[in-house]
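Engineer: Sharing a structure below in structure tokens format, with a few things to ask.
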Amino acid sequence: MVINSELFRSSNSFQEEGFESVTNGLSFSITEENISDSVILTTFHDFTNWIRLSSLWPLLYGTSCCFIEFASLIGSRFDFDRYGLVPRSSPRQADLIITAGTVTMKMAPSLVRLYEQMPEPKYVIAMGACTITGGMFSTDSYSTVRGVDKLIPVDVYLPGCPPKPEAIIDAVIKLRKKVGQETAHEKKNYQQSQRCFTMSHRLKPVLPIHTGTYDQQTLRRTPGIEMDTSLEYPLERILQNSIETSSPFQDSEEIGLLKDWKQSNQKQEQNVKMMKEEEA
């Protein structure tokens, strides 16, 4: 409440203007025309909204280069303390999280856990192209989440690669306006039905490429006939010695490789003979 200084006038001033001095406060009923400059009328919800928008505490969360732009706000050049922003390192003391940087599939459960540990009401600002859509990793990356809104609800989207500190301040101002316009009905429905906590995406599942067995193929373990003819020591004898010195758990595998090598060499020899006959 703001009280106008004109109400604090002495008794002499009232006598000069023709008002009778009174001692009982109940009979003092002076209504001024400019009452709007003297008293502020508001509701309890607007008052609490004003308190919350003036004390947003962001969580320090950064996974990529966008966090460098966010960290520059702490300096004296931009000074985001004037907006009531106090950076916190614990999610239990924060009500705002700015997801600055790329969100990977491995980091997604940790991000959801941080969001769930934040007390209500809580807000999210998606900062950067990588956070909003996956950015340059959205085409052929198997480990990047295509938008953080697949994991947690987002209140303000801040595009850029990376966004400037002035853009971050503008996003905070827009979030402050949203907080100031919230009603009591909206506060009771924080858990909206649109919020989805999932890691699903539109990528098609494919078989794993790096299975560890690519070097166990016959063509990679046994060279061709050209290399066999260039060696002074027969390659078949080398493989036989390796089978004798190997462990018993690998005998069947090595024997199978040796048989495959013999069959492949026989096929190569037949192909060479056929080519020579055709040339003749």
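Glycine is treated like the rest: Cβ placed from N, Cα and C.
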Engineer: Between 17-40, 161-184, 257-280, I'd like to know which one Swiss-Prot lists as region 'Disordered'.
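Structural biologist: My reading of Swiss-Prot: the region 'Disordered' range is 257-280.
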Engineer: Kindly assign C130 ([4Fe-4S] cluster binding site) to one of the three DSSP-derived states: helix, strand or coil.
Structural biologist: helix
Engineer: Within the chain of C161 ([4Fe-4S] cluster binding site), which residues six or more apart in sequence place their C-beta under 8 angstroms from its C-beta?
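Structural biologist: Once residues fewer than 6 apart are set aside, C161 ([4Fe-4S] cluster binding site) is near G128, A129, C130, G135.
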Engineer: Which of C65, C66, C130 has the fewest nearby Cβ atoms, counting only those within 10 Å, among these binding-site residues?
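Structural biologist: Ranked by other Cβ atoms within 10 Å, the binding-site residues C65, C66, C130 bottom out at C65.
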Engineer: Hey, for the [4Fe-4S] cluster site built from C65, C66, C130, C161, who else sits with CB inside 8 A of the CB center?
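Structural biologist: Sorted by sequence, the hits are S64, A100, G101, T102, M127, G128, A129, T131, G135, G160, P162.
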